[in-house]
């Protein structure tokens, strides 16, 4: 497929890197240093303004199967998206940072002609709400048009899974543990693998079966949630959670902002105060929270809030992190989940591309996850156990038409099956060769 990307920032660069091996990728970037960086990839790079019609025509946007507008400027993204659609691009996906342009994380079939508008701020809020809603969840990735979810969960101390072999967990029939991240290393588990507190497990499940996982790896429900920062992310997360949580508290330092939201967020207790004041946190009983979300405008403040909350007894701490390079640092010092808006955008765009039959990679704790389509007739009718897969590779799910199957060794492959394969990064080329 022909894919034109406007913007070679973090999102655009990583999309180009993942798509280039299997597609014709053209990327437009105005900044010289970013242009030079992306030029090193196997792509056609054009130095120019994506809102300029001549630049768009030089990129051949009229022949594009997909046009992705992910520059750091909302107006450039919106204008280039309109122009791309007008001259013939089949699918146009536009990122907008300002939530005034959209009222939900993803808007499809926009009246102005965009196929998809994505708001990173609202998408991050939605992701935070999903993680809080599944106790122990660290990351959730959707595949195959929403039929399959890959969830990374942390095994909590004293949970049903702590100290048990996988075979003894009696997981629901359509659920499989595909990988375990333990002590900095990835393991592909077997039935006799014993889980331990602190393990991070990647689980593949039918979307409708996710609810059945609650209570196995952590507590069954999240009852008390505290959110720090009443900006777009904090207030939208509170709005989502208030529909199903027993107690949602939103803490904000600005009295003006608190007053503005007081009549808007039904079921949310809004408190004005300094989130870095330890006495205030004790008074508000933050230590009794099942989950806290630090969503202020400062990375440093979010880190401090998270660590203070955990120290007081909060079970899970999630923090918004603007600087992508801080994500690993936050998690290394005790933050359970660090969410970066640009990473969330990348994941959302990748998810949309998968629904357009563009196969892309995902990653959970260093394990590569690739979705492959079976079109090699030599493989049709073969049982999974007879495939020459690398020793540590595992097929986590099969999507067949509108049906999702959690496979066993004797499951046979059919033409056009979509397989979700977990493997180590250095084995991806071999896997692609098998299904080519």
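Quick reminder: no glycine exception, Cβ is built from N, Cα and C everywhere.
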Of the candidates 29, 62, 109, the one that Swiss-Prot places in the NAD(+) 1 site of 7, 8, 9, 10, 11, 71, 72, 95: 29
Arithmetic mean of per-residue pLDDT over the domain 'RCK C-terminal 1' (138-219): 83
The domain 'RCK N-terminal 2' (222-339): DSSP-derived helix, strand, coil residue counts: 49 helix, 28 strand, 41 coil
Range from 138-219, 222-339, 356-436 with most C-beta pairs under 8 A to the domain 'RCK N-terminal 1' (1-118): 356-436
Distance [Cα-Cα, Å, rounded] between residue 71 (NAD(+) 1 binding site) and residue 234 (NAD(+) 2 binding site): 24
